[in-house]
Amino acid sequence: MRQRICVLGATGSIGDSTLDVVQRHPERFEVIALSAYRQMDKLSKLIQTHRPRYVAVADAAQAAAIEKQFGASGPAVSHGEQALSALARLPEVDVVVAAIVGAAGMRSTWAAARAGKRILLANKEALVSGGRFMVDTVKAGGAILLPLDSEHNAIFQCLPGDGSKTGRTLSGVRKLWLTASGGPFRTWPAERFAAITPEQAVAHPNWVMGRKISVDSATLMNKGLELIEARWLFDCMPEMLDVVVHPQSVIHSMVEYADGSFLAQLGSPDMRTPIAHALAIPERISAGVKPMDPWTLTGLTFERPDLKRFPCLQLAMQALASGHAECVALNAANEVAVEAFLERRCSFQGISQIVSDVLERVKVQPLDSLEAIEAFDAEARRIAALHFPA
Ligand code: NAD
Ligand code: MG
């Protein structure tokens, strides 16, 4: 039987890559539902190509426009935040691809977890903010969480199986090594950082991605968020995690074993590889990826991350060591600051300053429900926004 798929965040970069892989295997996959937030023209094209039964958009006006365009033969259209969760819960859906950017995707990811879906997770912020609460919901709901993030997918591929097709253990594992490209400013002296523009920050040397994650890669906050993501995905203590800068992005991450073995996953930097892996597991399918050519690999290099020039990584490590609320605040403050940076209301270095300030000022508390997490996230955003008086 074909796998029935819902892509939340279908118009984004991960959405593109996912639908590209899906379209190569019509005998395996069927697109049931798509969500989009802003790009209605792109959504229209996706509806024509993939013929989903359901779509969700941001507001009533967008919904009316799509309904008008496609009429009775088109998909059922809904709108708003609840519509995303409703798509994630649809009984006709087996696989939910969580590809929304930011904590905005947390509630729908949580809905997929409760409904026992197979979740292909790109939306790392949902796990950073959801923390233990999210992984407990996955377990209780009988859901399966598979990583699309290239580092976590690489680690997943290198970990021992637990006897099921989709589970992994840490048996015999000493350490998980996340590789980082170092971003576009890896070799820049600190003096130049004050003048960094959004255009320079989103021009990633190895990967083509959405704007927010591109800025996160430039500040190394992305690697910090990925440490927190790994902590929950693999249920490992923070001490087991480390980051190594590997500018060529050939090795996508490594697992170190007790006997001294390191297992690594290598390949071209193309998200369709981890997506195809997670879609087809335990089989392997073509992904349209230009294969890595070992003859062209000249020198793989490794360096320590520079926490002085890239304080966001340090802040994320501290949040991970401190607790759940700190991770929620870190993520929320970063989202506000990155948006401001992209709109030229904040400098590149201002991003880490705002995150640091919010972490100092926010009153940490235990977060034992989705509502409590959302309220705390909102409070951290409110404090971050104080840096940008209207
Ligand atoms: P993107 O900006 O290209 O796409 C984001 C998608 O989310 C779009 O479809 C957009 O419509 C939707 N969206 C944005 N805000 C929304 C909101 N408030 N409510 C509902 N939908 C909303 O981003 P991307 O690069 O595809 O990244 C998506 C997620 O995947 C991020 O969490 C990112 O960290 C993660 N990720 C991306 C890559 C990559 O190569 N692009 C790699 C690893 C992880
Ligand atoms: Mg990554």
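Including glycine, each Cβ sits where the backbone N, Cα and C put it.
A TrEMBL annotation is a machine prediction, not a hand-curated record.
According to TrEMBL, the features are:
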BINDING   THR11, GLY12, SER13, ILE14, ARG38, ASN123, GLU125, GLY210  NADPH binding site
BINDING   LYS124, SER150, GLU151, SER181, HIS204, SER217, ASN222, LYS223, GLU226  1-deoxy-D-xylulose 5-phosphate binding site
BINDING   ASP149, GLU151, GLU226  Mn(2+) binding site
DOMAIN    5-131  domain '1-deoxy-D-xylulose 5-phosphate reductoisomerase N-terminal'
DOMAIN    145-234  domain '1-deoxy-D-xylulose 5-phosphate reductoisomerase C-terminal'
DOMAIN    266-382  domain 'DXP reductoisomerase C-terminal'
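Structural mapping of features recorded in TrEMBL.
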residue: GLY12; record: NADPH binding site; DSSP class: coil
residue: ARG38; record: NADPH binding site; DSSP class: coil
residue: ASN123; record: NADPH binding site; DSSP class: coil
residue: ASP149; record: Mn(2+) binding site; DSSP class: coil
residue: HIS204; record: 1-deoxy-D-xylulose 5-phosphate binding site; DSSP class: coil
residue: ASN222; record: 1-deoxy-D-xylulose 5-phosphate binding site; DSSP class: helix
Please go through the binding-site residues THR11, SER13, ASP149, GLU226 one by one and keep those whose C-beta falls under 6 A from any atom of ligand 1; give the result in sequence order. THR11, SER13, ASP149
Which of THR11, ASN123 has the fewest nearby Cβ atoms, counting only those within 10 Å, among these binding-site residues? THR11
If we count other C-beta atoms within 10 Å, could you say which of the binding-site residues ARG38, LYS124, HIS204 has the fewest? ARG38
Where the criterion is a Cβ under 6 Å from an atom of ligand 2, which of the binding-site residues GLY12, ILE14, LYS124, GLU125, ASP149, GLU151 meet it? ASP149, GLU151
Quick one: which of these binding-site residues, ASP149, GLU151, HIS204, GLU226, have their CA within 10 A of GLU125 (NADPH binding site)? GLU226
Can you check what DSSP calls GLY210 (NADPH binding site), collapsed to helix, strand or coil? coil
Taking helix as H, G and I and strand as E and B in DSSP, count the residues of the domain '1-deoxy-D-xylulose 5-phosphate reductoisomerase N-terminal' (5-131) in helix, strand and coil. 65 helix, 27 strand, 35 coil
Please list, in sequence order, the residues in the chain of GLU151 (1-deoxy-D-xylulose 5-phosphate binding site) that are at least six apart in sequence and whose C-beta is under 8 Å away from its C-beta. LEU178, THR179, GLU226, ALA230, HIS252, SER253
